[in-house]
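Visitor: As listed in TrEMBL for this protein:
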- 20-39: transmembrane segment (TRANSMEM)
- 51-71: transmembrane segment (TRANSMEM)
- 177-196: transmembrane segment (TRANSMEM)
- 202-225: transmembrane segment (TRANSMEM)
- 246-271: transmembrane segment (TRANSMEM)
Amino acid sequence: LFNGVYPFYLQQRKAFVFDVSTIIVIVVFLTFTCSFLLIIPGIRGRARLYWTLRVLLSLVVGVVIVAVQFTGDWETGWVKANTSYKSFSRALVNADIGLHVGLAGVNVTLMGNPVNQVNETIDYNEHFSWSFDADYDHSYSEGLERGLPSPILYVAEKFTRQSPCGVLRQYRISGHYASATLWVAFCTWLISNMLFSMPVLVYGGYMLLVTGAFMIFSLLSFSTVRNSLMCPIQFGTETLHVGYGGSFWLTLAIALLCFVSGITVVALHYINLDLLKTFFDLREEEAEEYQEMNEVYVNPSFVKK
């Protein structure tokens with residue numbers, strides 16, 4: 001105690017879903033989108049609709065592939081419980097406790113219900129990184145030194161090296177390979193856009209299929225953490241259960257979109273190539289060139305001769 005008060009210190013907060021990196025990625029892709037919307041009025045006819053659909057779908061795929069690298073809700077769970085708030089204290093608080101797992105770390109949230117209890121504002125959100133360039137145990141030790149609330153330390157302790165759960169190594173390796181395969185998917189997405197602009201349509205469709213495949217590989221890599229038995233996170237009679245979060249399902253949805261788009265492009269290439277060229281604004285260019293060739297002014301005197 002310090003003059004009869006438990007020592008709590010200020011620390012940096014980090015959002016459990018959106019952080020600075022995610023916001024930067026979204027702003028960059030929104031800039032590309034706004035730039036395209038500014039030039040879209042210059043495209044004539046039905047090609048304007050086709051261009052808008054193609055570009056927006058492509059940007060959605062790209063922003064999701066990059067953004068989910070930095071989100072913290074691949075796995076998430078909440079529980080409401082009456083629990084002790086501080087060490088060496090019998091005071092109980094009613095709070096919502098959340099666990100949010102990302103590819104590079106975990107966020108533990110503690111929000112009082114109501115927020116103001118025991119003469120304090122109970123609103124915490126702590127990030128513990130397990131990436132290969134970070135020391136999770138060191139982050140946990142810093143939390144002990146700062147005097148974080150007991151529920152946060154209890155949940156964070158489940159992922160330490162000394163914990164009997166032994167899930168830190170599995171989460172670290174799974175998150176690392178999931179992130180690596182997503183970056184490969186981003187590269188194949190770039191290649192597919194290059195092939196569509198050349199244009200080599202069928203090969204662009206193949207690269208979309210490859211993009212979806214690597215996104216599925218990232219999901220399978222992250223899913224291997226389910227092979228490890230997670231220690232129960234118990235708060236009295238309540239248990240914190242964790243399930244797949246929004247980033248996981250969003251990645252799955254975009255992967256399926258890549259599969260559907262790729263299969264459609266490849267199928268149209270072999271079934272109806274003219275329709276595919278029309279969608280990619282190739283038929284209209286040929287028609288315009290043909291029309292310009294027909295608009296020829298001939299000297300009448302030359303015709304008479």
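Residue numbers in this text run from 1 along the chain shown.
Backbone N, Cα and C atoms are what each Cβ position is placed from, and that goes for glycine too.
Are these features on the surface or tucked inside, and what are their neighbours?
Guide: With a cut-off of 8 Å between Cβ atoms, the residues of this chain six or more beyond the transmembrane segment (51-71) that come close are 17-19, 21-22, 25-26, 29, 32-33, 36, 40, 43, 102-104, 179, 182-183, 185-186, 189, 193, 196, 211, 215, 246-247, 250-251, 254, 257-258, 261, 279-281.
Here the transmembrane segment (202-225) has long-range neighbours at 61, 65, 74-75, 103, 167, 170-171, 174-175, 177-179, 181-182, 184-185, 188-189, 191-193, 195-196, 248, 251-252, 254-259, 261-266, 269, meaning same-chain residues at least 6 beyond its ends whose C-beta is under 8 angstroms from one of its own.
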